[in-house]
Every structure is written in C-alpha cells, then in structure tokens.
Amino acid sequence: MRRLRADYPDAECALRYNSPVQLLVATILSAQCTDERVNLVTARLFADCPTAEDLAGLPLERLERYVQSTGFFRNKAKNIKACCTTLVEEYDGQPPRTLEELVPLAGVGRKTANVVLGVAYGIAAGVVVDTHVGRLSRRTGLTTQEDPVRVERDLMELLPRSRWIDFSHQMIYHGRQVCDARRPKCDTCSFRRFCPRVGVAD
DNA sequence: ATCCCGAGGG
DNA sequence: CCCTCTGGAT
C-alpha cells in the first residue's frame, strides 16, 4: 500500500466530466473501452448535451452515432437514454448518492456506482473493481476470486476505508503503465519484490 | 454462460 | 489473426 501511494500519489479518474451526471455517462461508456476513446466521444456529446435532460431527450439514433466508436454502442446508447430519463423523472436530473439507488439504473452495476459515489461525491461505499483492479489483485495475491463482487469483498476486508477510492485509481494506473494484461513489464516493475508471480505466465 | 461491439497493439 | 480495453443485462 505504501509503495502504491508513493508511485502514484496523484492518481485520479482519467475520465473527463463537468458534473456527476456526465461522470455517470462517461463511466457507462467506459465498459470494454479505453478512457482515451471515451473522452474523445464525450467531448462532443457533453458539448451538445450537457445535462440529463438533454441526454434523455436525444433521439436514440443520434445518441448511437455519438457513442458508436466506444463499442457496444446500441446497448450503451439505450442504457444512457433510459438512465438519464429515470434521473430526470425521479431524481431531479442528479445521480442519487447510494448504491441501492444507483445500481437499479439502466447500465449501472456496482463498478459504475462505486465510481460515481467515490469520484463525484467522495463517498467510499465500496472498492471499484474493473478489469485492471481484478487482474492486479489476482496477480499480486490479494485475492484468488474471479467474480468482481468477491474480489471487492476481499479488498474491502484488506483495505482501510480511507484508502478505498485512491487504491483503485492507483491500481488502474499501474495496470495500464506496467502490469498490463498482455505483456506485463515485470523487469521494471517496482512491485517486483512483493509479487508472488514474477515471470509466471498470467 | 452468452451476448453486445468498435478500435488499437502485437 | 488474436487479445484487450475502468461492464452490464439476459
């Protein structure tokens, strides 16, 4: 934990947004897609449609065209429209502040809900477990679980709540820059001494 | 377990 | 060609 904090003291969410709703939409778009591409898409989308009302009112075909290059674009467009419609109708256009209220929204699971709560509202309701956090947690032996919900439970037991939010951002940075999925750079990794699987495949 | 789905790297 | 990218719904 100390090394992680020392290596990435300024790690933060790489998605660009100007409001909690925009962060929620950007996070939905980030599924199986690089944050860089999400930012490319949201730059245009949020310039034209900054609020939940704007996004909910956008015809589905137009929304699909905006988000097309992020992949899964039909699902993502449909979910964003439905999600923003619910926000307008039930939450005055603002994402709610609890997991219980966020997860039922279209296209929102625990990962997305934890990002919005932690990053937009500073609420540590859980640990964000995405593909990077899951992979690194398994490689370093913090968990043996595959299911993201079980990985999250293990991490919540290991980490003090005060570190839940920063931990994920730091793991994601390290996962992108060093411990990537295909060819991890174990020879230059600063976690070499702690890692039980240096030189081991997957 | 399977489907959704485009873009970029090796 | 194959794999991966801040997943979620059925």
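Positions of Cβ are set from backbone N, Cα and C atoms, glycine also.
Keep in mind that TrEMBL annotations are predicted by a computer and have not been checked by a curator.
The [4Fe-4S] cluster binding site annotation in TrEMBL covers A:C179, A:C186, A:C189, A:C195. The domain 'HhH-GPD' annotation in TrEMBL covers A:29-177.
Under the three-state DSSP scheme, A:C186 ([4Fe-4S] cluster binding site) falls in the helix class. A count of other CB atoms within 10 A of each Cβ picks out A:C179 as the most crowded of the binding-site residues A:C179, A:C186, A:C189, A:C195. Each residue of the domain 'HhH-GPD' (A:29-177) gets a DSSP state, and the totals for helix, strand and coil are 104 helix, 0 strand, 45 coil. Secondary structure at A:C195 ([4Fe-4S] cluster binding site), taken from DSSP and collapsed to helix, strand or coil, is coil.
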